[in-house]
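A.B. asks: Quick paste of what Swiss-Prot says about this protein:
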{"type": "REGION", "residues": "18-56", "note": "region 'Disordered'"}
{"type": "COMPBIAS", "residues": "20-34", "note": "compositional bias 'Low complexity'"}
{"type": "COMPBIAS", "residues": "41-56", "note": "compositional bias 'Low complexity'"}
{"type": "DOMAIN", "residues": "104-395", "note": "domain 'Protein kinase'"}
{"type": "BINDING", "residues": "Val110, Gly111, Lys112, Gly113, Ser114, Tyr115, Gly116, Val117, Val118, Lys133", "note": "ATP binding site"}
{"type": "ACT_SITE", "residues": "Asp230", "note": "active site, proton acceptor"}
{"type": "MOD_RES", "residues": "Thr266", "note": "phosphothreonine"}
{"type": "MOD_RES", "residues": "Tyr268", "note": "phosphotyrosine"}
{"type": "MOD_RES", "residues": "Thr271", "note": "phosphothreonine"}
{"type": "REGION", "residues": "474-589", "note": "region 'Disordered'"}
Amino acid sequence: MGGGGNLVDGVRRWLFQRPSSSSSSSSSNNNNNNHEQPIFNSSSFSSSSNPNHSANSGELIIEEDLDFSGLTLINVPKRNHLPMDPHKKGETEFFTEYGEANRYQIQEVVGKGSYGVVASAVDSHTGERVAIKKINDVFEHVSDATRILREIKLLRLLRHPDVVEIKHIMLPPSRREFRDIYVVFELMESDLHQVIKANDDLTPEHYQFFLYQLLRGLKYVHAANVFHRDLKPKNILANADCKLKICDFGLARVSFNDAPTAIFWTDYVATRWYRAPELCGSFFSKYTPAIDIWSVGCIFAEMLLGKPLFPGKNVVHQLDLMTDFLGTPPPESISRIRNEKARRYLSSMRKKQPVPFSHKFPKADPLALRLLERLLAFDPKDRASAEDALADPYFSGLSNSEREPTTQPISKLEFDFERKKLVKDDVRELIYREILEYHPQMLEEYLRGGDQLSFMYPSGVDRFKRQFAHLEENQGKPGAAGGGRSTALHRHHASLPRERVPAPNGETAEESSDVERRAAAAVASTLESEEADNGGGYSARNLMKSASISGSKCIGVQSKTDKEDTIAEEEDNETVAELTDKVASLHNS
Ligand SMILES: Nc1ncnc2c1ncn2[C@@H]1O[C@H](COP(=O)(O)OP(=O)(O)OP(=O)(O)O)[C@@H](O)[C@H]1O
């Protein structure tokens, strides 16, 4: 196949974008000129994860080629101007920062996540449609707030056309007391989960183009030393013109060279169906980009099949499904699995032969399947990197390393907070500082130490609160702004242990690693004693037990209506009776 001409033209079209007319005072687009130019400029990309990179630096031209022709724009109410002296440039510019909520006219709820509601809105400055995510009660739990901090920071630093862009974050009315935050994203029409469900006539060109974008985005994200860790179709936003963007970096982590070899993944609750085999039943592992590659393989397979490839009901079932298809891994691969229970489970499993990919995907392009095999290699060391995958013959005619840029690793300084034990006020301050990246003049003020100004000017967020509340109240009633494609999710907070055991204030990084090692050893010995209680033998039950330890300590997300997906995907906790049945049937098989 090698890529339809239209698709290649499509990519070329994307490479030459008209700069967005949306440049706000705080948008990254603000120094675009008016000529068409390649969006991929190696120098701009290479500096985008500089610690001093500001959301306002305009280093990278982000593509904006959504076709709005089919959409009816709503009326945008006039902005309420406060008195200002139009002759004083600084003042007028300063006031652009103020009352900015008036700039957006909320339209309808387009999605709900565990952290808040996402509404579409029109930016009255530009006529552009945006998505505004309202994150409620950000500081209710420090762990949730830290996740939000991580996500907004990463999305500021990762500027790439295949990664969703934060256009703006609204200035809270009070630096020390704000509770909600409003993040303005570029608006996308749907997500890959919906696209796969709604389209049974996707063509080989669609598959190729989708995979190309995912890998191109990942190549960039991995070059920044960031691992997404929760790639799944719902976390890939999609437009009708086939444009995809990776979103939801809430579980993402930056990997630093001096990180310990085994990381305590206590907060890791990535969706099981897309979870790499080395993570099944394990909560000690080293971050590696190969975990994202596995997820991309699962997503690609799901596009080809029209349904999930490995819809495991628990970790044991997950490993069973993987080995049913890929065959039991060779002993060398099993020996590299960190988790002892998973290792023993796999070694004592009856030997299974791999199923030829062409049997599982009879209609697929053989080149696509050859690449899929490289993405779904059981052993992470055999899995292709994003960069290698882009160079695969499947993409010949489409890939071109010049438009698949890399970037510098993210500076450690940006994520220094991960090493510290933070209290609510610390995270609030860090999030506020992050928000100021979208408010250059306030940032300047803040850096000069004159931050008290932030108390003097209302931000307009109150009006937003009322609009969002109205939308939320009316959702579900006839004629109300329903239309949301996702169902409401509840954030069930359970005490969420930190990924790294926090160092007490004032403790050094080395001391902190020590604490981490001690904690890891403590957990390992607990597991060993659990195993000893069970006579030391491996069992599927043991394996599930250890998996549910990590799951049970984390945020559980439950959908109100989309139960079949969410329950099966998210819940690792099972009743003893269920486990006993499964173990019995495993042993009988
Ligand atoms: N930029 C966007 N444009 C359009 N829809 C979006 C955008 N960002 C998010 N959404 C939709 O809003 C919903 C919730 O968004 P998101 O997943 O970011 O929230 P969350 O609270 O972090 O969710 P989760 O519970 O998955 O962590 C998703 O269904 C997504 O499709």
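Quick reminder: no glycine exception, Cβ is built from N, Cα and C everywhere.
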A.B. asks: Over the domain 'Protein kinase' (104-395), work out the mean pLDDT and round it to an integer.
C.D. replies: 90
A.B. asks: Based on a Cβ-to-ligand 1 distance below 6 Å, what subset of the recorded positions Val110, Val118, Asp230, Thr271 would you report?
C.D. replies: Val110, Val118
A.B. asks: With the ATP site defined by the record as Val110, Gly111, Lys112, Gly113, Ser114, Tyr115, Gly116, Val117, Val118, Lys133, how many Å span the farthest pair of C-alpha atoms?
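C.D. replies: Per the listed residues, the maximum Cα distance equals 14 Å.
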A.B. asks: Using a 10 Å cut-off, grab the number of neighbouring Cβ atoms around the Cβ of Val118 (ATP binding site), all chains included.
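C.D. replies: The answer is 23 other Cβ atoms.
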A.B. asks: Take the C-alpha atoms of Val118 (ATP binding site) and Thr271 (phosphothreonine) and report the distance between them in angstrom, rounded.
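C.D. replies: With distance taken Cα to Cα, Thr271 (phosphothreonine) is 21 Å from Val118 (ATP binding site).
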A.B. asks: At a 10 Å cut-off from the C-beta of Thr271 (phosphothreonine), count the other C-beta atoms across all protein chains.
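C.D. replies: A 10 Å sphere around the Cβ of Thr271 (phosphothreonine) contains 22 other Cβ atoms.
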A.B. asks: Count the other Cβ atoms sitting within 10 Å of the Cβ of Lys112 (ATP binding site), across every protein chain shown.
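C.D. replies: If we count other Cβ atoms within 10 Å of Lys112 (ATP binding site), we arrive at 22.
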A.B. asks: So which recorded positions are near Thr271 (phosphothreonine), with CA atoms within 10 Å, out of Lys112, Ser114, Gly116, Asp230?
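C.D. replies: Matched recorded positions: Asp230, sequence order.
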A.B. asks: Would you mind pulling the DSSP three-state label for Lys112 (ATP binding site)?
C.D. replies: strand
A.B. asks: List, in sequence order, the same-chain residues at least six positions removed whose CB sits under 8 Å from that of Gly116 (ATP binding site)?
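C.D. replies: Residues satisfying the criterion: Lys133, Lys134, Ile135, Asn136, Asp180.
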